Amino acid sequence: MSLDNFSKGALAISGETTLLYQDIARSVQKEKGIKIVNFGIGQPDFPTFQKIRDEAKKALDGGFTAYTSAYGIDELRAKIASFLSSKYNTNISSKEVIITPGAKVSLYLAFLLYVNPGDEVIIFDPSYYSYPEVVKMLGGKPVYVKMKWREDTGFSLNLNDLENKITDKTKMVVLNNPHNPTGMVFDPKEIDQLIEIAKSKNLIVLSDEIYDYFVYEGKMRSVLEDPDWKNFSIYVNGFSKTFSMTGWRLGYVVAKENVIKKMSEIAANVYTCPTSFAQKAAVSAFDTFDDVKKMIDTFKKRRDVMYSELKKIKGIQVNKSQGAFYMFPYLGEILRKSGMSTKDFSVNLIKEKGVVTIPGEVFPLDAGKEFVRLSFAVDENVIKEGVQRMSEFINQLMRS
């Protein structure tokens, strides 16, 4: 038996590809001493709000450091159930909530619960790159539905193609709204239509709503607003983005009670429980929405700055982000003239100008192959400097 003889599931997946570009940036900074402008960041740059930190200290000092239930602490489950019930005018019991060590674990539990080898999971392209990786690890098959893009309106869900891709092996559709990497907030009518398709075909909708408070334009539709949500959906969210708690690793799932019970059985055998004192602190997060609003207002200003700066660059087509904290400009003309792929573009931009962007072709197939993702989770002055460097780099490409 060789330690190099990995399982089929392990061999089916690759690492987090965005980290590659962070590694290149670190090397460039070390070798050339260039100040790095990091538009590759997928987390808010705000510290966790003071009240949450204070409650964590209080929990630690009070000795709240033992195991909890695999479901998570009752106080936090009840808080989430009450909050979402009020927000979406629905009825959620605390028994329909499980706390997890991050929204990624929530997604993993959902996939693990339903995906058998050979099952198909529909994933929109572009989308967050981890979705298909976990499906492949479990022996499932990601089936990609290419989103529609228009220069004037940006990306939208291709529901006709979605229907055409459904087979008797299709188990689930993955929805992310607001959307990473495109920054779209999908039209509520599109979401309603997707839900109706899923219901008619007896499919599960796995809805990743981690960016639900990062909405600058339009109205976000949650699956929990559908009166029949318990019969078709698994809702995933977490504390990382809204409350700037990425390192705390806390997420949660809302689903009908027997689904949550089965998830808790998996949890008990995989990670036992989420961190006790982090859960205790997270209860207070729901009292920090004044801080959340200030953060979102700041992000909206940053979005406006990045959009206006990118619009100045000849050859770029950019739609103003409606949600999340990403801009996803189209570089087709620049790439054709330079002979580069977006991966080439991103690597060379780091090496020559010290600016990190993430190539669209990693999200996760090819619908984003002429786009790059830029995060505006950085200071406005940093945005201006980074886009200026990017402009200089593009001008050099267009002249050569």
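From the backbone N, Cα and C atoms, a Cβ is placed for every residue, glycine too.
Same-site candidate for L-aspartate binding, as annotated by Swiss-Prot with Asn180, Arg373, chosen from Gly33, Gly42, Gly62, Gly63: Gly42. Taking the Cβ of Asn180 (L-aspartate binding site) as reference, residues of its chain lying under 8 Å away and at least six apart in sequence are, in sequence order, Gly42, Ser127, Tyr128, Tyr211, Ala324, Tyr326, Phe363. Ranking the recorded positions Lys241, Arg373 by how many Cβ atoms sit within 10 Å of each one's Cβ puts Arg373 at the top. Cβ neighbour count for Gly42 (L-aspartate binding site): 19 (other Cβ atoms within 10 Å of its Cβ, all protein chains included).
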